[in-house]
């Protein structure tokens, strides 16, 4: 008994550290530091999200002050905005905004009713980043917008405006004029395509399926 007591006292007064259990901060429990590849991927994702946020934010004044002039009564707009629209339509020879046909007005109606209310929410979601709830609405928006751009871009490329009876306004005649007009509308096809691919492939916007416990 005396020998056991002495061994216990020697252990307590010894300078050697006692074996301790796992401590927070050791190699096993410390969080792994992100490597350069992870940080680079995060930077690319945030850069793309900011680009999309700026796209939706800029789309609000373009829709309100320019596009919808072809749909809403002209009296709603000040003279300066009407002059700006007339200058653009004649300078770029845009027949859809000079004398918009009914099918184009139907696209503008969809832009007013469905797309315009969506723009502020989309801008907020992408500026904030990683908002999973924006995934399905963004997919719907991108598919709808690309669908409307297909007949518009096809018209600019292949329509013979010198003989077409459906267009009373002056349209592009030379190939250079057609390409110039395409350069105005093409971003509204390419960026929605980018949104669609980003929402489908990015793991940060996919909901994780929760398995039900039996």
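Backbone N, Cα and C atoms are what each Cβ position is placed from, and that goes for glycine too.
Features reported for this protein in TrEMBL:
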- 48-196: domain 'EXPERA' (DOMAIN)
- 47-66: transmembrane segment (TRANSMEM)
- 102-127: transmembrane segment (TRANSMEM)
- 139-158: transmembrane segment (TRANSMEM)
- 178-201: transmembrane segment (TRANSMEM)
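When Cβ-Cβ distances below 8 Å are used as the criterion, the transmembrane segment (178-201) is approached by residues 48, 52, 55, 92-94, 134-135, 138-139, 141-143, 145-146, 149-150, 152-153, 156-157, 172 of the same chain, each at least six residues removed from its ends.
With a threshold of 8 Å between CB atoms, the same-chain residues lying at least 6 positions outside the transmembrane segment (102-127) that come near it are 49-50, 52-54, 56-57, 59-60, 63-64, 67-68, 70-71, 96, 133-134, 137-138, 141, 144-145, 148, 151-152. Residue counts for the domain 'EXPERA' (48-196) under DSSP (helix as H, G, I; strand as E, B; rest coil) come to 117 helix, 0 strand, 32 coil. Nonlocal intrachain contacts for the transmembrane segment (47-66), taken as residues 6+ away from its ends with a CB within less than 8 angstroms of a stretch CB, comprise 77, 81, 84-85, 88, 111-112, 115-116, 119-120, 122-127, 129, 191, 194-195, 198. When pLDDT values are averaged over the domain 'EXPERA' (48-196), the model yields 94.
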